[in-house]
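Heads up, the thing below is written out as structure tokens.
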Amino acid sequence: MGTPEFPDLGKHCSVDYCKQIDFLPFTCDRCLQVYCLDHRSYMKHDCPKGNRGDVTVVICPLCAKGVRLNPDEDPNITWEKHVNTDCDPSNYEKAVKKKKCPVPRCRELLTFSNTIKCRDCSIDHCLKHRFGPDHSCSGPKKPESSFSFMGFLSTNTKEAPASSSSSSRWSSLFASAEASISRLGNDISQKLQFASGNDGNSEKTQERNGKQNCGKVTVDVCPKCSRGFRDPVDLLKHIDKDHRGTSKA
């Protein structure tokens, strides 16, 4: 096998009746045996593990689900496991029964190409009954309005209570509503008074600061005799007259 220069070059085919030496042999990924070019496929060398990669799925007639058969397991055992654990006969109608147009006396099957959802009622219909008048569209669902205090007052002023118990209940609700409104008004008035008081205090503080600033007087001191002068001109005259024009100590 091989050549004098490369003695390990090439291998014999693993098929008994072949044994051909191949310098570029093929190794089977299932049985891990070496084969020549002619016997490299699973069918050519009758690979015992060639069907491990095959996927076989059987549709269950009871639930319409796909059951995958394991190559290393008996199909009967796989089927029994599915029947005992996974099988749900109620799913058969959902999977097999095809959707139809909901309009009475219309037997049109709804598929991907002929199905249109109504914008108002959000229900699928066929092309023939895609418009609202054709399928007696009920229109969009009205959203439930949230409880509002004004609506509560308006409805209760128009409609009288039917019994004494209901009237007492409505009166208690009215009383609590009036109390909450009066409490809210008091809070608002207190906040307004507090804000106006703060504004007055701030104005008084500004006036006081202005008066203090106006009362301050700047005095220039003579560096020679430490005499103070309010007017800088008087300070210069004093230096020229009394200190002969010298301000340095």
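From the backbone N, Cα and C atoms, a Cβ is placed for every residue, glycine too.
Between the stretches 172-195, 220-243, Swiss-Prot puts its zinc finger entry on 220-243. Contacts of CYS47 (Zn(2+) 2 binding site) defined by a Cβ separation under 8 A and a same-chain sequence distance of 6+ are given as CYS28, ARG30, CYS31, in order along the sequence. Comparing Cβ neighbour counts within 10 Å across the binding-site residues CYS18, CYS126, the minimum falls on CYS18. Note: the Cα of HIS135 (Zn(2+) 4 binding site) and the Cα of CYS18 (Zn(2+) 1 binding site) are spaced 75 Å from each other. According to its DSSP assignment, CYS101 (Zn(2+) 3 binding site) is coil. Closest in space to CYS126 (Zn(2+) 3 binding site), of the binding-site residues given as HIS39, HIS45, CYS137, is CYS137, taking the CA atom of each residue. Its Cβ placed at the centre, CYS137 (Zn(2+) 4 binding site) has 16 other Cβ atoms within 10 Å.
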